[in-house]
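Feature annotations, reproduced from Swiss-Prot:
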TOPO_DOM  1-26  topological domain 'Cytoplasmic'
TRANSMEM  27-46  transmembrane segment
TRANSMEM  47-64  transmembrane segment
TOPO_DOM  65-100  topological domain 'Cytoplasmic'
TRANSMEM  101-121  transmembrane segment
TRANSMEM  124-140  transmembrane segment
TOPO_DOM  141-153  topological domain 'Cytoplasmic'
Amino acid sequence: MNVGVAHSEVNPNTRVMNSRGMWLTYALGVGLLHIVLLSIPFFSVPVAWTLTNVIHNLGMYVFLHAVKGTPFETPDQGKARLLTHWEQLDYGVQFTSSRKFFTISPIILYFLASFYTKYDTTHFILNTASLLSVLIPKMPQLHGVRIFGINKY
C-alpha cells in the first residue's frame, strides 16, 4: 500500500482534454463567443460567423500549436518542455477521440461559417486560410516538426 502517494498523471497536459465535460465546455465557449459577436450592433451575420471562425482558429493555434511546455512542474525531466500542447495530448498517440474532436471542430465551424456567409469570396478566403492554419499542424506527419526552425526552442 502506498500511503501518501498521489495518483496522478506524470504530465497533466496529456489528459486534460479528456476530462469530464471538457468537450461540452469547449462547444459552449465557441457558442458564447458567437453570441457575443452577434450582439455587437454593427456586425452583420456573415462578419460575425467569419470572426467566430477566425478567433476560434487563432486561439486554437496559439494554445495548441504555438505554446510549448507545461504549466506544471513535471517529473519527466523536461521532456514536455520542447513539445507543444498538441504533441503532448494523449501522450502523442495519434487518432484518439480527443485529437479527432479537436480536428473535426474547426472543420464544422468552417462549414457553418461558409454556409452563413453564403460563400462570399472574401469570407471564404479568410475562413479557408484560417482553417488551414490549424489543420496543417495537426497532421501526424508534422508531429514534432518545426518548419523553418520556427518555435524550435
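From the backbone N, Cα and C atoms, a Cβ is placed for every residue, glycine too.
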With Cβ-Cβ distances below 8 Å as the criterion, list the same-chain residues six or more beyond the ends of the transmembrane segment (27-46) that contact it, or say none.
52, 55-56, 105, 109, 116-118, 120, 123
Residue list, the topological domain 'Cytoplasmic' (65-100) vs rest of chain: Cβ under 8 Å, 6 or more residues beyond ends.
10-15, 17-18, 134, 137-138, 140, 143-144, 151, 153
For the topological domain 'Cytoplasmic' (65-100), jot down how many residues DSSP puts in helix, in strand and in coil.
18 helix, 2 strand, 16 coil
